[in-house]
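Asks: The heme b binding site annotation in Swiss-Prot covers 64, 93. Residues or ranges marked as domain 'Globin' in Swiss-Prot (evidence: sequence analysis): 3-147. Residues or ranges marked as N-acetylvaline by Swiss-Prot: 2. Taken from Swiss-Prot, the feature phosphoserine covers 45. For 60, 83, the entry in Swiss-Prot reads N6-acetyllysine, with the evidence type similarity to another entry. The annotation S-nitrosocysteine is assigned in Swiss-Prot to 94 on the grounds of similarity to another entry.
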């Protein structure tokens, strides 16, 4: 569960309505793979991930990033039940993919960086604080199966 004030919820949803999921999702996942290269091991089937340019222009990275961000958007509609919303994804990432749950936190932080880059001054410190709460809640929900 993420505790946001009414103003924070409105701000988070207001900005989210402007997010170009394909663009932001691909960039966020791409940056995760570049900044934290050990995360690439989960995406070996995506082809060439040998350089930053290869990662950022990889169509499979872009497509999966979009999928990830669509799932994040679903979570925004269920902030009071993130664990339930992400239960199946948590199980998949824990039991089948064996993803280190720390990677969820890293991706959340990268997403905040990408949102700041895309929205500039509109992404105020208060809005960043609200999004940090949300990405922490999502990361916690995705890591739930690990506990």
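Backbone N, Cα and C atoms are what each Cβ position is placed from, and that goes for glycine too.
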Asks: The residue listed as 'N-acetylvaline': which of the modified residues 45, 60, 83, 94 is the nearest Cα neighbour?
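Replies: Answer for the nearest of the modified residues: 83.
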Asks: Rounded to a whole angstrom, what is the C-alpha distance between residue 83 (N6-acetyllysine) and residue 60 (N6-acetyllysine)?
Replies: 27
Asks: Once the chains shown are all counted, how many other Cβ atoms turn up within 10 Å of the Cβ of residue 83 (N6-acetyllysine)?
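Replies: So the number of other Cβ atoms within 10 Å of residue 83 (N6-acetyllysine) is 16.
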Asks: Could you state the CA-to-CA distance between residue 94 (S-nitrosocysteine) and residue 45 (phosphoserine) to the nearest Å?
Replies: 19
Asks: Tally of helix, strand and coil residues over the domain 'Globin' (3-147) according to DSSP?
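Replies: The breakdown for the domain 'Globin' (3-147) reads 118 helix, 0 strand, 27 coil.
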Asks: Neighbour count first, Cβ atoms within 10 Å, every protein chain included; then name which of 2, 94 tops the list of modified residues.
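Replies: Answer returned by the neighbour count: 2.
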Asks: Same chain only, sequence gap of 6 or more: which residues have a CB within under 8 Å of the CB of residue 45 (phosphoserine)?
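Replies: Expected: 60.
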Asks: Just to confirm: which same-chain residues, 6+ apart in sequence, have a Cβ under 8 Å from the Cβ of residue 64 (heme b binding site)?
Replies: 29, 43, 46
Asks: Across all the protein chains here, work out how many other Cβ atoms are within 10 Å of the Cβ of residue 60 (N6-acetyllysine).
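Replies: There are 15 of them.
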